[in-house]
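In Swiss-Prot this protein carries:
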ACT_SITE  GLU355  active site, proton donor
ACT_SITE  HIS386  active site
ACT_SITE  LYS514  active site
Amino acid sequence: MKNINFNNTQSYQDLKNHFRKIKNIHLRDLFASDLNRFKKFSIIFENEMLIDFSKNRITDETLIYLLNLAKETDVKSGIKLMFSGAKINKTENRSVLHIALRNRTNRPIILNNCNIMLEVNALLEKMKNFSKMVIHGEWKGYTGKSISNVVNIGIGGSDLGPYMVTEALRPYKNHLNMYYVSNIDGTHLTEVLKKINPENTIFLIASKTFTTDETITNAHSAKKWFLHYSQDQSALDKHFFALSANIKNALNFGININNIFKFWDWVGGRFSLWSSAGLSIMLSIGFDNFEKFLDGAHAMDNHFYHTNYKENIPILLALISIWYTNFFGSETEAIFPYDQYMHRFSAYFQQSNMESNGKSINRNGQRINYQTGPIIWGEPGTNGQHAFYQLIHQGTRLIPCDFIAPVFSHNDLNNHHMKLISNFFAQTQALAFGQSRDSILHRLILSKKNQDDIKRILPFKICKGNQPTNSILIRKITPYNLGALIALYEHKIFVQGYILNIFSFDQWGVELGKELSQNIYNYLNINVKNKSYDASTEGLINFYKSFMI
C-alpha cells in the first residue's frame, strides 16, 4: 500500500489551483457551455442502473485532476491487494475479504495456504439447507409447530445491514415474520417479545465476537424468556442459533454446535450481511433470491476490479466526494432513496461510511491535517422534502446529495410512482439550477402583484442553486440490483479511505466507549459516591444514584 498523505501529491496541488479558478462557476453555466455534459458525465451499469454525476461542480479539467489523484495514490494496486487477501487491515492484522462471500465464479482465493472458497461454499450450503427447512415448515419448534417468527439479535453491522436489506426487498418476502432487536434498552426486546410465541419462534444471535454487550445481554434475556415457557433446556436446540466467528463463546452460551453458522475474522462487521450474519435475509427472501443478491454484488465487484479509472463508478463517486470535503469544505453528504422500502438505506451507509472513514490518523500513525470521512445522513423521498430540504435549497451550507430511485415501482398505485419520480427529477433540477432573481421577478410581475409586495417578497424566494447531486436511477429494486448498489457504495468507501491514507476497516473509537461503559456499569452497583470521574460524569452518576436509594 502507498502510504501517501493525499495533500502531499502533485494532483492535490493541481486540484487546489484548479479549485480557485472554478469555485464560483455555477452549474447553470456549466450546462449552458457544454451540450454533451450529461453524456460525458453519466454511466450505465449493465442496462440496469444509470449513474448521472453531471450535476456536480466539476469540469473536464476537474475530472482529469481527480483521476490523476487516484492514479498517483495507486488506487488500482489497493483494489488488487484487497481482492487478493492481503492484510490491508493493518491495525488488526487481518485481510478484508467480504468480496469472497459473493465470489460467484468460485475463483480460488488463497489465505494462509488455504482456498477459503471451500469454507464459504460450505457455509452457503448449510444456510441454504436450513433456510429451506424453516421456510417449508420442516423445521419444528419444541412443541412440534412450524416456525413463523424469526428474531435477529445483533447490533451495528449485524443488525443495520440485514434489517435494511429485508426491508428493501420486502416485495420478495415470504410468510415468515422478521424482527430485529439491537438496542440494549430493554424496551426494544420487550416490545418484540410481546408479539411472538416461543413455540414458533427462532432467535438468531448475530455477533462476530459473541462478546458484544448489547447483543449478549439481549440474547440472555431472550433465552430466559424462552426457558420460562419451555421449561426445557434442550428445547434451545430448536430455537437458538449463533452467527459468529467465536465458536467457543457460542457453545458456552448454550448454542448447539450444529446451530452455529460461522463467519471469519476477515469479514468486517459492517460488511457482514453477505456472510452468515445475512441468514435473516435468506430466511426472508429465500435462497434463490439471496443468490441473485450475491450475483448483483459480484457483478459490481467485477466492474470495480476490471474497469479503468475513467469509467469506474465507485472510483468516480469517491473522488467527487473527496473534491467536496477537502476543497469546498462540505461536512456532510446526504443519501435520499425515493423508494419507501429503502427507508433504512441511508442509516446503513451512515454506519458503513462513518465507522470506516471517521479517522484522524494516517496509515503511518500520524495525525492528519485534512478532512477524512463526511457525516452521512438521509431519509426517503418525498418525506425529506417536507423536513430538511429547505436548508439544502436556501441554507448556508454546501451539502452534496445522492438521489436514488427505481424506474418501476413494486406498488404502482394509480399514478403515485410517476408523482414520486417527478419529485425526484424536480429536486435535483432545483438544487442544481435554483431560481434566479430575474426569473422570480418576471413571474411576480406576471402575477400582477404590486411593486411594494414584489420588493418585499423577492429576496426570500431566491434559491441560489449550485447544490451538487448524483442521481442513481435503477430499473427496479430487485435482489440483483440491490446487491450491486450496496457493493457500489462499499467500494466507494474503500476508495475514499485508500486515497485519504487511512485504515478503513478498524473502529478503535467504538472500543473506548465500550470499555468506559463497563467500568461505569460496575460502579453503579456500589452504593458510595464516586470520586474517580470528572465533575460532569460524577454529577450525572450521583444524580442517577440518588433515585436508587
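Yeah, the Cβs are placed from backbone N, Cα and C, and that goes for glycine too.
Remember, it's a predicted structure, so these values are computed and weren't measured experimentally.
Listed active-site residues: GLU355, HIS386, LYS514; maximum Cβ neighbour count within 10 Å falls on GLU355. Recorded residues the residue listed as 'active site, proton donor' and LYS514 (active site) have their alpha carbons 15 Å apart, per Cα-Cα distance. Cα-Cα distance from HIS386 (active site) to LYS514 (active site): 37 Å (rounded to the nearest whole number).
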